[in-house]
Amino acid sequence: MLFETILRHGQHVRILDQTRLPLTWQSVTLTSLEEMAHAIRSMQVRGAPLIGASAAYGVALAMQADASDAGLTHALETLAATRPTAVNLHWALARMQTLLAPLAPAERSAAAWAEADQIRIEDIAANQAIGQHGLSILKSTLLESRTQRPLQSMTHCNAGALATCGWGTALAPVYAALQAGIAQHVWVSETRPRNQGYLTAAELAANQVPHTLIADNAAGLLLQQGKVDIVITGADRIAANGDTANKVGTYLKALAAREAGVPFYIAAPWSTIDLACPNGAAIPIEERSAEELRLATGLLADGEIASVRCIDATEAVCNPAFDITPAALITGIITERGVFAPGELV
Ligand code: MRU
């Protein structure tokens, strides 16, 4: 089952509003640059590859309203300022700029829509290829595990269909294994504070993949107890030396996996690799609102988003949205071009 995370409808864009998932599946139509910038900033769309495609469509919406040089510059700057860590956003904007800047304003709107559509199509193809490369790794992991139980994988955050235009990145091998008839089970960590693990659980449920939701802090115990054969997560930016930024909590899983002797893989399209970034220390880490930690947020019965205060608004909070997993803890990086050792990217 695929989800229409983003789809062009003529001169508008329809997105699945991910702030209401997994309890309410509701699409929203976006008609302007400002609406797309808001959607990215507020995480109505999220996940590095989907953010990249969304930014490209944001430029297309902007070119429809004002295709002048000033309009193009404004669109690129507005979208670049929405979220800092996922490099796919900046990759997509650079691609749009390279295409559109040399064109006459009258040609820009049509060209921008076509390029955004192309980025979406390429993401779907990359997901498929990542799935096939990852499937080979899952098959050999299963052979090496020498147990009769279903293959036990663990993931973090949501790097599935909902984070992309297609099947996902970290979950693409899981879906490929499903199609190949491999018995499997996925450990899904909740991923506080935004709980993207709920999205992973929901999409695995929709695809009938056996899975279990765990608190983030349970991962170490499960790895220690030998209940996990392989960990696969997505990525938001991979530096030239293989250091990888992904949702906060990924690093702790990689440490526990190393201690337990469990392979730890990153799955991401090539557009997530930032060869201009030498190492993890150079990756900008998004610091999100303190209220994400002070409030518990969910949906009311009528589908409206509601928050409950759990701690005083004056409580000091540190809320980095991503962390860096050093290349030394990463077994391999699964891309649409094949599987690479972290040190092999350049
Ligand atoms: O903050 P988000 O939800 O946009 O986080 C990004 C992610 O979805 C994850 O970090 C994911 O593992 C990598 S993107 C497929």
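Note that Cβ sites are derived from N, Cα and C of the backbone, with glycine treated the same way.
Residues Arg46, Gly47, Ala48, Arg83, Asn246, Lys247 are recorded by TrEMBL as substrate binders, and the candidate that the same record lists for that site, out of Gln128, Gln132, Gln184, Gln196, is Gln196. Relative to Cys157 (site 'Transition state stabilizer'), the binding-site residues with Cα atoms inside 10 Å are Asn246, the candidates having been Ala48, Arg83, Asn246. Cα of Gln196 (substrate binding site) to Cα of Asp236 (active site, proton donor): a span of 14 Å.
Across the fold, the C-alpha of Asp236 (active site, proton donor) and the C-alpha of Lys247 (substrate binding site) stand 8 Å from each other.
Highlighted here are the recorded positions (Arg46, Arg83, Asp236, Asn246) whose C-beta falls below 6 Å from ligand 1: Arg46, Asp236, Asn246, in sequence order. Among the binding-site residues Gln196, Asn246, the residue whose Cβ has the fewest other Cβ atoms within 10 Å is Gln196. In the three-state DSSP reading, Lys247 (substrate binding site) counts as strand.
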